[in-house]
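This report refers to the structure that appears directly beneath it.
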Amino acid sequence: MFVMKNVAKKVMAGLVAAAFMAVAAGCGGSQQSGGTQAGSTAKIGVVTILSGGGAAYGEAIKQGLELARDEINSKGKTKIELVIEDSKGEKNEAINAANKLIHKDNVVGIIGPTLSGDMFAIGPIANQSGVPIMGTSTTAEGITEIGEYVFRNALPESLAIPQAVKKAQQKLGLKKVAIMYSNNNDWAVSSFKTFEQAVKNNGIEVLTIETFADKDTDFSAQLTKIATLKPDAIMVSGLYQEAGLILKKAREMGITVPFVGNNGFNSPQLVKIAGASAEGAIVASPWFPSKDDEKVKKFVTAYKAKYGKEPDQFAAQAYDALYIMADALEKSGSTTDRAKLKNSLKIVKDFQGVTGKFAFDEKRNPAMEVTVLVVKEGNFVELK
Amino acid sequence: MDSLLNPYYLQIVMFVMINAMLGISIYLTLATGQLSLGNAGFMSVGAYTSALLTLKVGVPIFLAVPAGGIAACLLAAVIGVPTTRMQGLYLAIATLGFGEVVRVVALNLKVTNGALGLSGIPSMSVMTGKGLSELGLGSGVGILSAQQLSNIIVIVVLALMLACLVFFALRLSKSRMGRAFAAIKADEQAAEVSGINTTYYKLVAFFMGAFVAGLAGALAAHITFYIGPQDFSYHKAVEILLFAVLGGSNVVWGPLLGSFILTLLPEVLRPVAEFREMIYGAILVIMMTFRPEGLLKEGTIRFLWAKFNWRAKAEDDNSQPEPEGGR
C-alpha cells in the first residue's frame, strides 16, 4: 500500500510539473507574438490542414502562401507576417485555430480554411468579430452568404462545371452520360449537383448516377454497371486520388469514353496516379500551369526551384490570395484595420494573378476566366 | 484579466465542458462494465435533432437541447434492448456499428442535407449577445465586451449543467442503483445470482449514457454554427473512449480529468506546430505505459482526500503560523 502511494505521489508530481512546463511554453509563445510591432508589418492568419487526411492540400496551400510572402516582403512596401495554424481537417480544431488567430494573434485577415465544411464553422466567427476571411479552396455553394467579411478566390464549381460540360458537348457531341460522385465529401456532393444541373441544361440524358466514398479503392461494381449502359461520357465528382483510380479501372475494363471531372481532376497528381489512362480527361479550371503567360511561367519556375515540384491549383490559388490581400492592404493604407481591409478587398478589380484576371463580384465570389483543359500525353492542354 | 477572458480561451473552455459531459456519458455506461462505443452516434442524433428543430421548426434553443437528449435516449431504447444482452467486445463492435449507421443515415437523408451538413445553426453566444443588446447592454459592461459577456454567460450555463451532471453521477455511485452498477461491473453472474436485475440496470445505464451524449451533442451544435456527418465518425467515438481510458473509468473524476487534458493538450501544443501530433501520441503512450488503469482510480481519490483532510486538520490543530512559513 505504501509503495502504491509513493508511485501515485510521483506520478502526480510529474503531472503537475508537466502542466507547469506546458503553461510556461504556452506563455512564451504568446509573449513572442504579442511583442511584434503592429507598425508596417501586416499579420495575416492562415488556417489550413497540416496533419491528417487532407494534409497534401494544406501543404500545397502553405507553400503557395510562403512563396508569395517571400516575394512580397522582398519588394518592400507592405511587409507580411504569416501566422499558420493547423486545422487537422476537424471542425473544432479549425474553430480553435480561428479564435486564436482573431483574438490572440490579432491578425488583420485570415486566409483559409481548406475545407468548405470548416468554413461554415469558422466563417460566422470571423464575420461576427469583423475579420476578413478568404477561402482559397472552399468551392461549395453558399460560402460567401455567411456574411460580408467572407470572401473566396476559389472558383466555385457552379461556374467551372457548366463550362466544362458545355465545351465537352460541343466538341464531343454528348447525348447520354453517366455520373459518379463521392457521397461522403460535402464538396463533391455540391459539385455533383452542379453537374446534374449542367447536364440537364444542355439537354443531355443521364443514364445512371453512381456513388462512391473518399478513400475507396475499388470501383469495379459501379463501372461494370456504367459499361453496360454505354454512355457517351462519364462525369466524375471527387478528389484526385479516387478520380485517378476510377480512370485506371475504367480503362482496364475497356471503357474508352471520355471523362469530364470537377476540380478534383485538376492536379498533376491525377496524371501521376492514372498514367496513360488519364488521356482525354476533361476539366475546367482557372489554373493552367503551361499557360503562355509571363506571370505563370515565373511562378512555376520559382515554385519548382523552392519545393522541387510543379505547383498545383491549391498552391496557385493560395499564392494569388496573398497577393490580393497584400494589394488590398496597401490600398487600405493600414496594416491593422480589419474593416478597412474588408472595404478595399470588396473593390478589388482587374487584378492580374497566376490564375488569370481576377475581381470579386458583388457577392464576394471570384469573377474570373475559366479554361477548359484536356489531358494530352500526360499534360494538361487547352481543349480546342 | 483581459487576456484570460480572451474569446479564444473562452471557446476552449466551452469545448472542455462539452467534452466533460461526453466523459460523464461514457462513465455512466462503463459503470456497469459495458464498453459502449455508440456515444458518438448518440451525440450526432442529439446534435441533428436539436439543430433541425431550431433551423426548420423554430423551436427555441433551451427546448431543442433537451429534445436532442431525449431523441438520443429514445434511439437508445430501440437499439439498447438487443445490444445490452451482449458483453465485452461484442457490445463494443455492435455499438461502433450503430454509430457508423447513424453517420451513414445522416449522410444520405435529405433533411440532414447529406455530406454538406447543416450550416447556420443558431449559436447560443450569438443569441445571448442579441438578448443583451435588447437589454441595452450591446456595448458591453465595464471592461467586458458584449461578445465576452455573452460567451461568459454561455459558459456559466454550461458549467451549471455540467455541475448538475457531476453531482448526479456522484450521488448515483453512492445510491442503491450505483451499488448495483458496481456489482454488475465486478461480476455480472454473481450480481444476478444475488438478486440484481442485471438487464434492467444495464439498460438504465445505457439510457443515461445516451441521454447525456445527446445533450452534449445538442449543445455542441449550438456553439459551433455547423455540423456535418464527418464530425461524428468513429474518430469521435474513440476520442470519447480515450477520456475514460486516460483519466480512469472507476470514478467520475477520471473521465472528467481525461476530457480536460485531451481537450487542452492540442491547444497547449500549438506553438510546436508540426510536432503536435507526435507529442500528443507520445504523451498517450507514456501515460498508458506507466498508468494503464488511468490517471485516477478510487485509491488515488482516497489518497488525495486523506492528504487534504490531514492538512486541513493540521492547520486547525495549531492555529499558530507554521514554522516553515507555509507554501
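In case you wondered, yes, glycine gets a Cβ from its N, Cα and C as well.
Keep in mind it's a predicted model, so treat the numbers as computed, not measured.
The transmembrane segment annotation in TrEMBL covers B:12-30 (among others). Residues 36, 39, 42-43, 151, 154-155, 158-159, 161-162, 165-166, 169, 172, 185, 205-206, 208-213, 215-216, 219-220, 223, 240-241, 243-244, 247, 249, 252, 254-256, 258-260, 262-264, 267 of the same chain, all 6+ positions outside the transmembrane segment (B:12-30), place their C-beta atoms under 8 angstroms from a C-beta of that stretch.
Annotation source TrEMBL lists transmembrane segment at B:61-81 (among others).
Annotation source TrEMBL lists transmembrane segment at B:88-109 (among others). Sequence-distant contacts of the transmembrane segment (B:88-109), counting only residues of its own chain at least 6 positions beyond either end whose CB sits under 8 Å from a CB of the stretch, comprise 34-41, 44-45, 48, 79, 115, 229-230, 232-234, 237.
Annotation comment: TrEMBL describes B:149-170 (among others) as transmembrane segment.
Per TrEMBL, the feature transmembrane segment maps to B:203-228 (among others).
Sequence-distant contacts of the transmembrane segment (B:240-265), counting only residues of its own chain at least 6 positions beyond either end whose CB sits under 8 Å from a CB of the stretch, comprise 12, 15-16, 19-20, 22-27, 30, 37, 39-40, 43, 166, 169-170, 173, 213, 280, 283-284, 287-288, 293-298, 300-301. What TrEMBL records for B:240-265 (among others) is transmembrane segment.
Same-chain neighbours of the transmembrane segment (B:61-81): 38, 42-43, 45-51, 53-54, 95, 98, 122, 124, 127, 203, 206-207, 209-215, 217-219, 221-222, counting only residues six or more beyond its ends whose CB sits under 8 Å from a CB of the stretch.
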